[in-house]
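For D151, R176, S200, W305, R336, H339, Y341, the entry in Swiss-Prot reads substrate binding site. Residues or ranges marked as Mn(2+) binding site in Swiss-Prot (evidence: similarity to another entry): D199, H201, H333. The feature disulfide bond is assigned by Swiss-Prot to C101-C328, C319-C397, C430-C449, C476-C493, C517-C538, with sequence analysis given as support. Feature annotation from Swiss-Prot assigns domain 'Ricin B-type lectin' to 415-550; the stated evidence is sequence analysis. The feature region 'Catalytic subdomain A' is assigned by Swiss-Prot to 110-215. Feature annotation from Swiss-Prot assigns region 'Catalytic subdomain B' to 274-336. Per Swiss-Prot, topological domain 'Cytoplasmic' is recorded for 1-6, and the stated evidence type is sequence analysis. The feature topological domain 'Lumenal' is assigned by Swiss-Prot to 27-552, with sequence analysis given as support. If you look up Swiss-Prot, you'll see 7-26 marked as transmembrane segment.
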Amino acid sequence: MRRLTRRLVLPVFGVLWITVLLFFWVTKRKLEVPTGPEVQTPKPSDADWDDLWDQFDERRYLNAKKWRVGDDPYKLYAFNQRESERISSNRAIPDTRHLRCTLLVYCTDLPPTSIIITFHNEARSTLLRTIRSVLNRTPTHLIREIILVDDFSNDPDDCKQLIKLPKVKCLRNNERQGLVRSRIRGADIAQGTTLTFLDSHCEVNRDWLQPLLHRVKEDYTRVVCPVIDIINLDTFTYIESASELRGGFDWSLHFQWEQLSPEQKARRLDPTEPIRTPIIAGGLFVIDKAWFDYLGKYDMDMDIWGGENFEISFRVWMCGGSLEIVPCSRVGHVFRKKHPYVFPDGNANTYIKNTKRTAEVWMDEYKQYYYAARPFALERPFGNVESRLDLRKNLRCQSFKWYLENIYPELSIPKESSIQKGNIRQRQKCLESQRQNNQETPNLKLSPCAKVKGEDAKSQVWAFTYTQQILQEELCLSVITLFPGAPVVLVLCKNGDDRQQWTKTGSHIEHIASHLCLDTDMFGDGTENGKEIVVNPCESSLMSQHWDMVSS
């Protein structure tokens, strides 16, 4: 009997041990994001990829639009085309994730996604590198399709030739539609249960998609974004971005990245935890397709580009969803300093129209602060927003007051929203902006005060805002240096920039940071036409420093 017992002990113990191991293994597989070794996802064999790429003549595709020696490499795309073409479409980039991200395991039944990339006259080298990075660094079974939407580029072959690549489809607009309507067109034909929007000058990093799809699979109302790394526009060096950033904005609806507060950082016990963000940059995100449709897609009446990220961000938060940045997902992006393409109504006018539509539909009584920051938006047409107001009502969305209190309490409400608008006069002359020879920003000068059809000439109308800026459209009075005699120039407005802040003291307009006063200096031939706008030490006796703000 003892011998029989001894014989049974080892087999029984072995079975129990195997059972325990199986129990822990199954439990581990059921956990959504436990720590452990990285899951190996199925990938096509090298031979399969080689066969697919053999059907595409990459050299011929790139050479057809190649930069030519002697041409300005920045002219067409506002980044260094020569350097982009020098770099392989298949280049390696550094893995910029936190080390703990590499230990996360994701479930194997993530939903495949439709990747939508819209573009207009994109450089072929960056477009191809975007697609190739997706194909190289994404598990094949997670890509339902890659939908390219060509927004009426000059050359249809920019898109058409790319359908030879695996998973790629091409749609071409018959006329320029802009980002919003192009994205909607791509989303309408998408067959995936989730939509992944990317810009056309990106490079996705290792295991970028799984963390995003995982968050949406857990909760379909989440809209999730990667951390956006920087691809240098001059050298195309891939640069790691800080992970503890979120999207923010000011009352002019100008997007800006902001650091998490010390309190928010202290609450983050794990660097892989998603970060709630009041607003997304808008270029790169994943959203459940049914949720996208239910929320009303995009505002179809927004033009070209700009402001759509505010509209969708307010709508998601106020109508029952949430926005997140997922630190374990990284995507590089070329950030340009200016747009390389033409806006039919001008960049500033288009942005004002789009943001004004957002303010009128979503910001309730707080839109007064938008108009105080952008006074020239008051008179701009913005189309009919009744359908978007009806959408908000039908979705039973929260108020903008709720959004400020619960999502973005850090946005301080101005104590006042008054605006003074009109001429800045010196006797019979008015401060005027004059644009010459297609220069990017106009010059300042004194000119005879003028009227057009009974109204003050637009080039002579200025607004003095509660932010202590003197502006015209998107441009603010600023100084190059803080020294006497420094020229006063027009630059893009930026809230909080002390070089752009002024105060009216009696007949003086004083620059706050330098304590110098707005003045005119003679130059050139010494005539009235040769007066330069500068700042100088304030002197009450100088008539050249006496200014009147005359309301329109």
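Glycine residues also receive a Cβ, built from the backbone N, Cα and C atoms like all the rest.
Per DSSP, the secondary structure of the region 'Catalytic subdomain A' (110-215) breaks down as 43 helix, 28 strand, 35 coil. C430 (disulfide bond) carries a strand DSSP state (E or B). Between the listed disulfide-bonded residues, namely C101, C430, C449, the fewest other CB atoms within 10 angstroms of a CB are found at C449. As a summary of secondary structure, the domain 'Ricin B-type lectin' (415-550) carries 12 helix, 65 strand, 59 coil according to DSSP. With respect to their backbone Cα atoms, C449 (disulfide bond) and H333 (Mn(2+) binding site) stand 46 Å from each other. Figure note: comparing Cβ neighbours within 10 Å for the disulfide-bonded residues C328, C476, C493, C517, the maximum is reached by C328. You'll find the Cα of D151 (substrate binding site) roughly 13 Å from the Cα of D199 (Mn(2+) binding site). The record gives D199, H201, H333 for Mn(2+). Within 8 Å of the mean position of their Cβ atoms, the other Cβ atoms in that chain belong to T126, T130, L198, S200, C202, I231, G283, L284, G332, V334, F335. For D199 (Mn(2+) binding site), the nearest neighbour among the recorded positions R176, C319, C397, C476, C493, judged by Cα separation, is R176. In sequence order, H333 are the recorded positions from C328, H333, C397, C476, C493 with a C-alpha within 10 Å of the C-alpha of S200 (substrate binding site). Comparing the Cα of C101 (disulfide bond) with the Cα of every entry in H201, H333, R336, H339, these being the binding-site residues, the smallest distance points to H333.
Among the recorded positions H333, C493, C517, not one has its Cα within 10 Å of the Cα of H339 (substrate binding site). Each residue contributes its Cα atom, and for H333 (Mn(2+) binding site) and C397 (disulfide bond) those atoms are 33 Å apart.
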